[in-house]
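Participant: I'd like to ask some things about the structure below.
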Amino acid sequence: MTGPKLGFGGLPISWVPTVRPEDGTNMNPYKKQTPGTKKLPAGWTFAEGRRPLREDITFDEVVEIPLRDGVKIHCDVFRPVTDIKVPAILAVSPYGKNGHGFRIFDNIPFRLGLPESATSGLEKFEGPDPAEWCPRGYAIVNVDIRGSWDSEGDLYIEGSQFGMDGYDTVEFIALQPWCNGAVSMCGNSWLATEQWATAIEKPPALKCIAPWEGFTDMYRDLICRGGVPKANFTSFIFNKTIRGRNSREDVSGALDKWPLFNEYWEDKVYDTSDLTLPIYALGSYSSGNHGSGTVRGWNRAASKDKWIRFHPTQEWFDLYTPRYIDDLQRFFDRYLKGIDNGWEKTPKARVSILTYGNRFEPGPKWDVAFSDYPIPDTKYSKLYLQGSGKLATTPQANEGSTSHQSDSYQAKPSEFVLTFDKATSIVGHSKAELWMSCKDKDDMDVYVSIRKLSKSGEVLEHVNVPWEKLPEGVNTQHDVPMAQTIKYTGPTGILRASHRAQDPQRSTPMLPYHSHDKEDKVPPGDVVKLEISLWPMGIHFEAGEGLLFRVQGFVDTSSDFPSHIDKKLENLNEGQHTIHFGGKYDSTIIVPVVALPAQ
């Protein structure tokens with residue numbers, strides 16, 4: 001295969017054929033695009049039922065972008081019909097453009113509250129809608145990355161090549177005659193991760209970024225969280241959502257060959273500590289892929305001008321929510337157009353806090369303002385596991401234990417409950433410190449989670465779409481099918497026991513940083529301490545409601561796309577896992593308690 005980077009430290013990149021664009025499985029129909037420029041008039045529609053254009057748009061179709069090694073990639077440019085030079089917003093991914101790509105919303109219950117009329121159809125999956133942004137004075141550039149669809153080259157899956165190609169793309173677009181020289185990037189997931197990768201290469205024309213939910217460490221955040229390979233998800237992403245004409249990097253094969261962290265995986269870590277450009281990041285509870293990486297990237301960035309917001313919905317719904325489009329425009333107006341609009345007065349952190357509940361009960365607390373994140377003055381409450389199945393603020397004196405079957409989806413988890421005697425908000429990262437053993441195997445894949453209980457003891461689920469966007473008669477969590485895109489259960493954590501070693505220089509009290517570069521097996525029956533961070537949470541509990549802490553042998557949530565991913569255990573568990581507590585075993589769950597400002 002060809003490409004600028006063929007290996008890392010003697011580790012050769014493996015390649016497999018990319019699924020061809022003509023394969024329409026789970027895809028919108030592919031059609032070959034023809035280069036050229038045309039005007040799309042006001043009122044034009046991409047397809048029946050789609051949002052019509054409210055203004056004329058100039059459409060530059062199949063523009064070639066030359067990369068430094070001679071490869072040419074393709075983009076579509078949508079820009080206002082004007083002689084005034086405008087800023088460019090890039091949407092960069094392998095997911096297609098011009099209506100190509102995965103039929104995503106048709107696979108989600110209630111289309112996630114987004115009818116086809118919510119967007120024009122010109123948008124890239126997870127990207128900004130040109131019909132919305134061109135009238136606001138911006139060009140939208142939809143880019144098919146190297147090796148995807150009809151772009152030349154082989155398809156790299158994340159890593160430094162992403163950043164170099166992003167640099168070349170930004171600088172090419174900035175020089176176009178219609179561009180004012182100011183470029184930013186926008187979008188969710190892959191489109192957000194591409195922003196971190198590009199920004200650390202520091203292209204001069206990149207004036208700011210808006211990574212709305214994107215991981216910064218592929219190994220730890222996406223495909224091997226806690227040291228447990230996530231093979232079903234990677235197979236789904238790379239075989240069912242991506243198309244191209246050449247070869248793609250075989251990340252799944254690499255994980256089989258190199259399950260431990262090495263130089264290959266290091267290349268897919270985006271160190272944001274040297275970033276100084278303005279950043280508007282979006283955090284999430286509902287995504288099983290982005291929750292920790294966004295916060296890590298934002299926290300490590302050296303930028304003085306940086307903001308983060310946590311939404312209470314789902315990333316795609318949030319991306320097309322009018323008030324947040326307006327909010328993002330204020331950010332772009334400030335740093336791409338130089339408009340002094342007071343954006344800097346925006347609270348550094350705006351955190352939505354979930355209440356769960358049904359259509360007729362109080363909804364989330366939206367955009368609670370704080371001066372930073374993690375939230376200053378957070379009080380970390382240590383809750384000790386008890387033999388009674390409760391959580392308490394003091395440990396029990398005598399040693400005890402409880403066990404659960406680890407190798408079956410039908411097995412009941414070990415559960416511990418705290419009932420609140422007053423209203424309490426828990427916002428930020430939690431951490432479990434567990435003493436555990438297994439008599440049946442020399443390793444354990446341990447999954448922990450926090451759930452909310454109603455006053456009657458029902459395990460609650462948060463619906464990720466505002467109730468008013470759902471059909472009449474859909475009133476409770478029981479009326480909504482289980483899929484992580486539309487229902488959030490609570491924060492989770494994962495750790496393979498043999499990967500329990502930490503890097504002390506990179507670990508913090510609430511965020512153990514596991515190096516994952518060696519295995520330390522656990523002799524059957526031996527008791528070891530595991531520190532497991534849970535991804536960020538924001539949950540409000542009223543007096544009488546409860547916190548349920550679970551420990552089990554499989555993840556306590558659905559997948560984003562349950563109809564496309566086989567439900568089978570993806571771990572090495574065998575037999576029973578035992579949790580030890582009391583006496584010398586101080587097994588705890590530590591939660592971040594926050595006092596909410598008056599609203």
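A Cβ is built for glycine as well, from the same backbone N, Cα and C atoms used for every other residue.
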Participant: Suppose you had to name the range TrEMBL annotates as region 'Disordered'; which of 283-306, 499-522 would you pick?
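Facilitator: Based on what TrEMBL states, region 'Disordered' spans 499-522.
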Participant: Sort out the residues at least 6 away from either end of the region 'Disordered' (499-522), same chain, that have Cβ-Cβ distances under 8 Å to it, and list them.
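Facilitator: Same-chain residues near the region 'Disordered' (499-522) but 6 or more away: 219-220, 224, 226-227, 260-262, 374, 380, 428-431, 437-438, 442-444, 528-533, 590, 592.
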Participant: What is the average pLDDT across the domain 'Xaa-Pro dipeptidyl-peptidase C-terminal' (329-590)?
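Facilitator: Computed over the domain 'Xaa-Pro dipeptidyl-peptidase C-terminal' (329-590), the mean pLDDT is 95 on the 0 to 100 scale.
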Participant: In the region 'Disordered' (499-522), how many residues does DSSP call helix, how many strand, and how many coil?
Facilitator: 1 helix, 2 strand, 21 coil
